[in-house]
Amino acid sequence: MALDRSIISKTTWYSVVLWMMVVLVRVHGAAARPNRKEWDSVIKLPTEPVDADSDEVGTRWAVLVAGSNGYGNYRHQADVCHAYQLLIKGGLKEENIVVFMYDDIATNELNPRHGVIINHPEGEDLYAGVPKDYTGDNVTTENLFAVILGDKSKLKGGSGKVINSKPEDRIFIYYSDHGGPGILGMPNMPYLYAMDFIDVLKKKHASGSYKEMVIYVEACESGSVFEGIMPKDLNIYVTTASNAQENSWGTYCPGMDPSPPPEYITCLGDLYSVAWMEDSEAHNLKRESVKQQYKSVKQRTSNFNNYAMGSHVMQYGDTNITAEKLYLYQGFDPATVNFPPQNGRLETKMEVVNQRDAELFLLWQMYQRSNHQSENKTDILKQIAETVKHRKHIDGSVELIGVLLYGPGKGSSVLQSVRAPGSSLVDDWTCLKSMVRVFETHCGTLTQYGMKHMRAFANICNSGVSEASMEEACLAACEGYNAGLFHPSNRGYSA
């Protein structure tokens, strides 16, 4: 039967022709590509819904946390700004994204592009438009917990924005900073302790105010925050940049491959963080599952099985969530609708810097680029010397405390012992905090470098040492030491 074009509008005629072309393409390709999911996206229009059986119900919420400050930690705020822009492109609303960042990077005098933050050597500005919900002194563990729980009464400062989620909503939490066994750093003391965080997640679950939650954590020893204590029945899935015993890594650093623009003297990103975000940007998140991203990020963060310059990405909690599509948490960018499954897969190793050394890395870059005779060069050298001195003091003090508590033959082995996989770091988290406070009172603040000794304090608790004995050992180990700016009276206690 012929179609009478005279009775059909031009727009309708074009629609009919387009429909016929689509049918022909489908018929022609059906035999060669019988799996619908393999070929449907090739002929879809950007405005066409991708999944007819979508499980999308409720609101997507997100909490993004950069847990550090200082230009040497540029990459953490860059990670968070990148995550924000990715979620906005995915359709999440600003009112449903809560951002924690100190906000001392974009306008820092060391930033060669004033007011701009990038997360990739060829990246665009990620800072513009990022909401300043909790900045400066308001980036605290207490505020973070209040935001997650939706408890405005516990907030101190900030925008007042919280996760006011409902039972059908999904939540995505992303954290980037330094860490140590059982802890995550924050720019204002105290640090975030693992059991406190787990307790908050349990409270959130008990409130019945979300359907499912996905958490990504970038930090050294980040697996220890969940290992042995993360329940599987909270409808929460977690991946971490590293296992319970290893470092995570900064990348896109000066003098390395890939390198940032030559005017930059600090690392732009972190290996795990850029791995998951660049993966999300390169894929149709209505097609890619949480599990697929986990596998991709795991491979890239290992630096393709080069664990001397990479780490083991771990997963905890409810792994049933891994079957779901990523868009349920990160949203969907229509521009990615036709991206093929293997789009953007990197197969090359990346040069990296140990997260704990990034601060010294910045100082060394500053020293190298200073004028040979400048007073500034001398000041930088003093900063390097002071930083190294305090690191040696922390390392030496912890080692000596082990000797005083257990004897010269056992001290080191007890403090460095690692529990069996799947075990929690410590039995008594209150004891852990107490031991840290005793140490910091007499020996100075741990700092982001000293976080690595948290396992030693955990083992002191696990072996039954009393607080009085710990006090005595710390007094003997650090007697006469002037912590100066590193004293907790200046920085606060990390516990």
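Backbone N, Cα and C define each Cβ position, glycine as well.
Partner cysteine of Cys461, as given in Swiss-Prot, is Cys431 (from among Cys431, Cys443, Cys478, disulfide bond). Cross-referencing Cys267, Cys478 with Swiss-Prot gives Cys478 as the cysteine bonded to Cys443, criterion being a recorded disulfide. Candidates considered were Cys220, Cys253; the recorded disulfide partner of Cys267 in Swiss-Prot is Cys253. Geometry remark: Asn376 (N-linked glycosylation site) versus Asn138 (N-linked glycosylation site), CA distance 32 Å. If you measure from the Cα atom of Asn138 (N-linked glycosylation site) to that of Cys253 (disulfide bond), you get 29 Å. Counted within 10 Å of its Cβ, the other Cβ atoms near Cys443 (disulfide bond) come to 26, all protein chains included. Counting only the Cα atoms, the space from Cys443 (disulfide bond) to His178 (active site) is about 21 angstrom.
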